[in-house]
């Protein structure tokens, strides 16, 4: 890990500069109250607020969403922080090399939003293998997944010129199928009958709802972050807002239909209520109308909930894909739905200058890179020297973390004087 | 629920369009970096950031504030999400029909802020009946309460032309007395002596503090969201900031004065510290001075804390009003205080063009619609086919949710192979 | 407490007015949709969004960061709210008297950001004495620490004209050494061998991670809040973003190097991952390059983690400084590192108009005021009539709060009818 960070910093030393190198030296030194002077400055300032919203989704949203496991909360939120913090540096580099200017990567507010975006792919894949991989394995996945992401992203955005403003295809579908391919390669027959720690307790489900609700709330910012500012951006906000709202209703309805005695299942509520944000991503800035956005959200909520109930068990038992968080249902199928909706919307002329064939090519490319890239990455991760945990230690923080003793045992440990927090170790 | 969402989507298909229909087709396709071109676009962009703050209050704030109950956290945050997600769609429709343009509801950033606002009334009323009503009952309440809200809102804002920028009257007082009227109609003699689940545990109180603090922090955005932009909006931010700060001090002081041995009560801290935000709402954009704002906050903290300590038990035992979250103390009395403060401030000329009589009429109207509307809604909710829970199942998630087993029982359940999360069900 | 708030309100009545007294009376009354008209209005609006981010750090960030203690969560988040709510009022006054205009303090969005900043010093010091001081003692500390802060801040910013945009010196180093001086004066020999409640449980560590992640995410807003708007502000955002990302990697690396069997320690992750935000503060708006920012973050993560592991126990056992949250490692040493980095950066010409000697004087002044001010404050807090808790009641909420009974005891308490929430007390 130290070597990795040192290499990264050296790469930054060589390649990275601020975007506004020249104008920076001319900073105003007047002290008569700050003033926004140019449109470019204003736009950057405005984007800072969007950036902070996206940042919340990456670190609180993804981090806490995965805390539902009863004994894996430290790893969920802690390794999420580690992977995202490394991934954003790596993403700045790998995305930056496609847009070198005088041989330099010019770091701007748009670049750091895109860097955050690139980490989202890794955090989605992390959900598929949650509890079954070591931090070192996951850092390897981060390096490879973001590198491949930036190739696919360049292909989709610059070569194919496809639309994917909210990244249904290039982040959600890509991240999900990449993770599922990794999970397939790392298949563990020993977990076929479940694992005692692969479940939640009451308060761990409430922690997970923090992640769910923050993702849900800020998704309009995510889907509109890189839209053309102004009315196009507002379209993305409104479409996402409405798609998510409709999705909540369908997720609740289907959850209570398929569950025993009409009860709701927390897994569905924590995840499927977000599928509308994923699925409306590609079309978010298109003129699909409030009605179109809601329809997409409604369908996304239905297929996501049904996927959790019926498809995930089949994938695990028949295809050997053990998908801890059910990312196939939250990001995979809704991501494909988003890609398909984008093809239809463009074909119907909802986006000026769009081309349905290019949209289809973008979806195919994203899935192709995900499956091939994920399989290769999985094979590398499977090499026996990355500290992969044995089956019995899966879903358990105590293999990687100092975990506080239970209440009852605590006094005993104090008598022995070991590692309580900040205590004077005399 | 599915039928409800489908009807809603059809209504959107018929009535809803984006606000900027014409200019939208002229979206810039240049790719040389995004630029904000017009003042109208800029204002919309700026409002997006305020919208996200309000959104956080609705979904995290209200949702987690109600998680204090030891066994009702799933319902608190989960049903809050359901009601708010449906309510915002319904609010867009019912508020929109008062402002049709060519027979269409034009969805803009202001409309979605107002839609979020309309859901707040329902979430306040939800607090009064928390733990004692079924999701279906609550969806009925959502439909009726938001419909009546939009009538009263139209009357207050457009007919009376009263000032209520932070909605002390039309949201807080209205939502509270609506909920109390419903609670009165649904009175349960069986809960007269309390209920074993009607209380908190240590960590449920901490979850509730997440809600409290997010509400507290973003209240300046809430009270300024629909103020005239610029200095008037900043007045609303500053007044709310100072009122809330003063309110915290008085809530703590009174809590420790009235409690046993000078201890603090978490119920007071979770709720009464917010009363200053409610009470300063109507006057928030008026020229009441920092001193005026703090005085309102100080008084609000006092009456709210005293209400929790002395009035809530009397309402329950003498008037048959069982107010689970004490919304009378957080939203009811402070809302009336806000309305009265608004009358005084307008009479003192603190708001150009204000009319004290119209302010008084607005307060009376809000209370009248709340009490009559709430009573009628309560009677409809009392019909015996909405699945209202029996007394013994009140305040218990397990009637509506699959709840994870306790730690000890868990191994046994695994042996029987039932519903642990995402496990391959072979 | 009531007296304190009443005095404060009277001071506001005498001194505080809105910043825009004259233009306020000319508020537009048109209702044809809101419009931002002037650059000054626009800048204020933009700052509101930054203000809300800083507000989140103060109330959620600091509040939840300290909830790691198993039985002190109510006090951590609750007293944090109390101190910050009072502190921001006091900070407005004490900072305001240095900038009187016609004998008045003109409250603007910049003033309330600075008021929030001034509370941060107290919340840092609170971390050093967490669990060992009464609310009254802490309110006294708040009054004195903010008063002294505003003297030092005036000296550093206006007299020395030193750069400290992200406040490594005047907030972090000052707050930390002030708190350590207080802790030294309040030394408790009885806690030399630890205390059974001075430790975490599993879920209390997860609550603390809420604080950590919110601080981590919004630090770019904190460090850029008072930077010159435009590109300089963006430099502060980008430098902070990169410093924090690098810091996470070094904190994780060092934590696993120094801990038993390569495990990670939650204390390090909760705290040392933030040191990069502290350390880059002074240089945040300087032209240090992405590489420079990351180097500062890398070093900060290393010294902070090593400090937690090796230095904190030595300070406690040899110097009698019992630093509950380890603020020396998160704010003290990284704050000094930030000050030193600032001297070097200014000497290298990274900030136009900067003066390295003035930077050094600013660091010395901040440390001097902290140590002397903290020692005097500690002596006042040590007076025997402020309700300081005895050793055995340290780190225990139940001395100041009504704490809910444990599950098992709860039914018994209900049989006796005492204080369950909102229950009708017939």
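Cβ from N, Cα, C; glycine included.
Sequence annotations record features per position, and here TrEMBL assigns compositional bias 'Basic and acidic residues' to A:413-426. Here TrEMBL flags A:45-397 as domain 'Ammonium transporter AmtB-like'. The region 'Disordered' annotation in TrEMBL covers A:404-426. Per TrEMBL, the feature transmembrane segment maps to A:81-100, A:112-131, A:138-157, A:169-187, A:199-219, A:231-254, A:291-311, A:331-348, A:360-381.
Away from its own ends, the transmembrane segment (A:291-311) comes close to residues 238-240, 242-251, 254-255, 258-259, 265, 267-268, 271-273, 275-276, 278-280, 283-284, 326, 328-330, 333-334, 337-338, 341, 345, 350 of its chain (Cβ-Cβ under 8 Å, at least six residues beyond either end). For the transmembrane segment (A:81-100), same-chain residues at least 6 beyond its ends with a Cβ under 8 Å from one of its own Cβ atoms are 4-5, 8, 11-12, 15-16, 58-59, 62-63, 106-107, 111-112, 114-119, 122-123, 126, 135, 138-139, 142-143, 146-147, 149-150, 153-154, 158.
Ranked by the number of CB pairs under 8 Å to the transmembrane segment (A:199-219), the listed stretches A:112-131, A:169-187, A:231-254, A:331-348, A:360-381 are led by A:231-254.
Between the transmembrane segment (A:331-348) and the transmembrane segment (A:360-381) there are at least 3 Cβ pairs closer than 8 Å, counting only pairs 6 or more residues apart in sequence, which means the two stretches are in contact. Residues 165-166, 216, 219-224, 264, 268-269, 272-277, 279-281, 283-288, 290, 292-302, 304-306 of the same chain lie 6 or more positions beyond the ends of the transmembrane segment (A:231-254) yet place their CB under 8 Å from a CB of it.
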